[in-house]
Structure formats: C-alpha cells, structure tokens
Protein chains: 2
Amino acid sequence: MNKLQSMRRYQIGPVYRRDQPAMTRGRYREFYQCDFDIAGESEPMLADSECVLILTEVLSGLGFSNYTVRVNHRLLLDGIFQCCGVSEALFRPICSAVDKLDKCSWDEVAKEMSDKGLADEPIERIRQLVLTPRGGADLVDQLRENPALKGNAMVTQALDDMSRLFRYLCLLGCPDQVRFDLSLARGLDYYTGLIYEAVLEPTPDCNVTVGSVAGGGRYDKLVGMFTKKDIPCVGLSIGVERLFTILEQMHKAKEQKIRTTATQVYVCSAQKNLLEERLRLCGQLWRAGLPAAHSLRSNPKLLTQFQYCEDTGVPIALIIGESELRDNKVKLRCIASRKERLVDRDSCVDEVRAELASLAAAQQKTEQ
Amino acid sequence: MNKLQSMRRYQIGPVYRRDQPAMTRGRYREFYQCDFDIAGESEPMLADSECVLILTEVLSGLGFSNYTVRVNHRLLLDGIFQCCGVSEALFRPICSAVDKLDKCSWDEVAKEMSDKGLADEPIERIRQLVLTPRGGADLVDQLRENPALKGNAMVTQALDDMSRLFRYLCLLGCPDQVRFDLSLARGLDYYTGLIYEAVLEPTPDCNVTVGSVAGGGRYDKLVGMFTKKDIPCVGLSIGVERLFTILEQMHKAKEQKIRTTATQVYVCSAQKNLLEERLRLCGQLWRAGLPAAHSLRSNPKLLTQFQYCEDTGVPIALIIGESELRDNKVKLRCIASRKERLVDRDSCVDEVRAELASLAAAQQKTEQ
C-alpha cells in the first residue's frame, strides 16, 4: 500500500477484539493497548531480542520488579509435536490445548488433546517435554542433547534461534527475568517463531495473581495475508488498563497517594482583591514552562489554597500579599515542610526550579 | 456520575461527528482532535482567558506566527439581535446565518435571514453592527457608547465580560493576536458565553487560506443536559490533522526535511562480524536513555549505514572497528560536518550527550 517495508513503531490507543465481551472480567470489545512492532528483514533474532528487551524496559520503567518474561518458539513446539508422533494437521489444535496450561491442569489439557484425536502415547511424550522445568540458555543445551528431539529440523532451527536470543539479551544487558518455558504456546494462530509473555508474580504489595500482562512474538506471514508481499514482523502488546489497575492496587497497599494533577506550583493570594496579581504571576510561570495553577475564585482563603496543595500533592506554593507586592517579592512555601522564604519576584522562576530539583533529590534519597 | 465538579483536562484522540462524510474536503466521521476544557465554578472570564491563552500557546508552540484568534460573545450577539428587533425565536436561526459570514458574502447571509422571516430593516441594522471592523479593548469601549445598543442588559453583561477578557489576557502576557470580531458566531448551539476561533492567515510559506484551525467557547448548560446538575464549562478543540497538513506544506515550501525517526545515535560497524559488539554498545546507550538504533543486518556496509543517517537525519554515528575495540574506544562521527574523533568507550554516553547539546545550540543560533 504505502510501500513501507521496514519500520519500528509504537502506538498507544484503543483497539478492538472480535469477541463476546465479558464485562465482569474486564474484557471489553474496545480496550487500550500499547503496541510495539518491528517490521522488515532482520538478522535472525535481532529484532526479536530488541522486543523482549523493550518489554522488560516498559515493566521496569513502570516500577514492576516482580515480572517474568516467558519465552518459547512456535517451531520448537511444532518440532516437539512431530517428534512425539502428532500428525501435522493436529499441530495447531494441540498447540491451542498446550496454551491452556496456564489456566488448566495437565489432566484437563491431556483430555482436550485426547478429545481432539491424539493417542495416549504422544500425549504422554508431550507431557514429559512441555512440563520440563523453565530455564535459560542451559535449557537450550539440555534440549539439544535430548534423544527424543535429536535430528528434527524444526527443533534444531528453533534451538539455534533460542540460543541466539539468550546471547543477544546478555549483550544488550537485559535483566535476568527471561525464562525459557516449553509450556508457553500463546493463543493466536499467526505466530511463526519466537513467542513471549510477561506475567507478574504475586508480591507483598500486590498478592493478586494476574497472569499475563503483555505478550507477543514473531508473525512473518500476517502482512502477506493482506498484501502481495510477505514482510517479516515481530512485536508485542501491553495491556495498559490491566497494568494501571495493578499499579493502583500497589499504590493503595503502600498507602501511596496517586497524584491526579501535574501542577508543581500553586499561586496563592494572601489577601482579598489580588486576583489580577495572581494572573500576572501565573503568566510569568507559564511562559517559563512551569506547570502552575491558581484558584479560579476571586478571593479564596489562604488556608483553602494550602489545603488544595496538600490534598493534590502540589509541592510548592508562591504567595503574594500587599507587602510582597510592595517589595517586589513573593513568598515561596514548601508545602510538605511548611517552610517559607521570601524570594525576589524577578528570580522566582529560578527559585522554584531549584526548590523542585532539591525536593526531587530528597525524594530519590528516601526511596533508596 | 463520578461527582467531579471541577477539573482542567486535555485529550488527544479520535472523535466522531454525526454528519455525512465529505472525503474530498478531508471531512470524515472519525478524525483526530486535541481538546482542552476547564469545568467548574470560576470567577467570570478567568477560565475563559486561560483557554484563549492556551490556544495561542499551542499555535505558537507548533511554530505558527500567522494566526489570529477571533473572539466574540453569544450574549452580545443575542443582545444585538434584540436591539435590532429580532424576535427571540429567531436568535439561533439568525446566529447560524451570521456563522456563514466567513464563507459567504453579506448578500447571501442577508438572503438567508430574509428567508428565515426577518424583515429588511433589522437585517440592515445587524449588518451595520456585525460588519464593524475588528478590534481589541477599544472596540469594547466603542460598543459601550453605541446608542443602538445602550441599555440592553445582555449587551452590557457581555461587554463587561469582554473587557475583563482583554484585561486578563494582558496580565497573562498573551500575544497580541486576539481580535474582537462581531461577525464570529460559531456553529454549535450549545455555547452560552465567550466564543473564539483561530484562523491562519496566508503567508509566503503557506499561501493556502485554510480558515479555522481551532475553536471553542463557554458552554454552561451542556453538562446539565446529561446530568441533574449544571456545571459551567469552557474549552477548545484543535484540529490536529488539519494543522499537521499545513505544517507539512510549510516544511515543504521551506524545503525542510521532516524527520520520521527520533533516533539521535546510530551504532555502525566498520568491519564484518561486529554485530554482537553493536548490540553491546546499543544496550549501553539505551540504558542511558539515548535514542539509539543500528542496522538489523549482520554485515551492513559502512557507507550504507552513513547514508541511512543522512537520509533520516540522525545527527551522530558511533563507529566500532577492530582497532577501536582493541583500544576500548569508539569513533564519534558528526553526520552533517563529517568530522570524526575517537572517544573512550566508557565515556561515550557523555560524549554523545555533549555533542547533541552542541549541535542543538548551533541549530538554535542558525534559526535566530
């Protein structure tokens, strides 16, 4: 269409699923998602490892430390099915049964496989493989030596990929929270290579088991289904609403307040009839790019203005009264410490910036 | 619903209009818009002047200098209609006729008024008023003295508002591009007070007459139509796609390239088989928060990598070769000047930051 054959892109916005809504589980047809994708030719596993790294960066950046990224490879699953004696026609149905392992017991999954026409012996052989403990590059080596898989072309190629993935992630300095997990299958049919999924483990701050919060994989044939040319792609989707709900719970558990305003400075009047002076000062702060606000009432009480700052977490108040105006000063109040000092009106932007920087530094020190 | 009775909010996203699409004029049912609104009780014209200021900030911030914000007041229009002998039932229909003055001649608008049942005399009286030259606070004073309007309660209240508006805008340091224009009517029925609209005037860079690119006003009764309680509101909408189309034309006219990537550093290999070293360096830059990228091919040619930087406007390349690796160095190349220098591998993040800062400073100097 637009002849683009390679790009990196991200998008945050509403997306739609063709599915019956399940409101009680927060599953709507329209929901918010953050997507990242890399399209175009790439050295094997290079774009893929970048996607896995980005997934860890997003979760770490949002303040999560209790996540695991489970990785697996569609070709490896197919290879395993082949080695276990599953006919090719059953690859996808059996894969979709494996996908339920995070919600169902092995017995239920085995029953589904059996219902789909698979004999007991291949089911048992699949069990022995996909329920292998999770691992890292070590698991790749183990699987290479596994006599049941040796010589299978799909397995060999997939293990080469997985071994590259772990090497690249190591070079990129990716956090050590990536686990090779043969029981990961991912629901969507269009994946063709690496697949991954991020799960949050319960913590003291957030003991809800929430399952998958993000996932993705390689889909080399999807673009070709809609255009004349295959364009190899790899990408990930992050469930924004789900993560935000969890973050809210975590903040609540820690009794942390969530700020709903970006205001850093609140311009207060100490006496009546100073509305126009407040406006003049706000204009000065806004032109300097400082997120400032003031009361939209003409004569608010000083205590009410301070209370607003405390309630909403605005860190600094600038106060003007008759005497400050006369002396060309403003009073700078640090809301948390209640300390006040007079500063020159002309340098108040710099004073506010310095105060904000010192508050941020103190905050960072507390958190360490 | 959520009991919120006051807020400032902005939103950028898809919105929908219930209208027949006019594709050729770029008028779709779904389009992108940036909205800003202030809800809740406010001293008269205080929130309103903040909205007008924000409108000028957005347009200036996007690099436009050739804009005018036309302002008017719905109550003033109604007062004028009353003074001219229009019956109250005709206020909205006549207002909607005035709204067409930016696209149609006065004769066409007068014909519409006549078709809607207005006599020739009131039409002529309206003409004399709404076609008054545009102005600022001076026009407010002129209208106060206009014998045709004197004593009308709606006119008096609206003129008090307009006079406050100009005083507040002056205190806020709002650019002098706001024009009081009695012929501005705005299409939507729900406005109850101040209305405004931003228009771009043709310039040598962009001689297309594009008309309105943003607009808004006070709508004190709209929330009450959907909830039990009236909540006074004022806001504005900016036509994002329209502005971006115009910006593109302007860049084209100036032969300025529009960058489609945010990448600031491109990691290049000077020899074959250095893919893994590129990854290691990329990881280092990414962890430092620098927007870095590299080729997804295993052995790209150095010239191809430089060409990519030139084509996409990436300002800096970091080059690694065997000798750099041996000496724990990287070569920093400034793409525009083609100047290269060796820097220590350990301090390359700081070197890149310093180079970017000096490039930005030089750029700013050129633009002045």
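Easy rule for this one: first residue shown is 1, then count along the chain.
Cβ atoms are placed via backbone N, Cα and C, with glycine included.
Fair warning: this is a prediction, and the values are worked out from it, not measured in the lab.
Binding of L-histidine is attributed by TrEMBL to B:GLN33, B:ASP37, B:ARG186, B:TYR190, B:TYR191, and within the candidate set B:ARG17, B:ARG18, B:ARG167 the record adds B:ARG17 to that site. Around the Cβ of B:ARG17 (L-histidine binding site), the same chain contributes B:ARG29, B:PHE31, each under 8 angstroms and 6 or more positions distant in sequence. All protein chains shown were included, and the count of other CB atoms within 10 Å of the CB of B:ASP37 (L-histidine binding site) stands at 18. Counting other Cβ atoms within 10 Å of each Cβ, the binding-site residues B:TYR190, B:TYR191 show the lowest value at B:TYR190. Scoring each of the binding-site residues (B:GLN33, B:ARG186) by how many neighbouring Cβ atoms lie within 10 Å, the top position goes to B:ARG186.
Averaged over the domain 'Aminoacyl-transfer RNA synthetases class-II family profile' (B:8-291), the predicted model has a pLDDT of 91.
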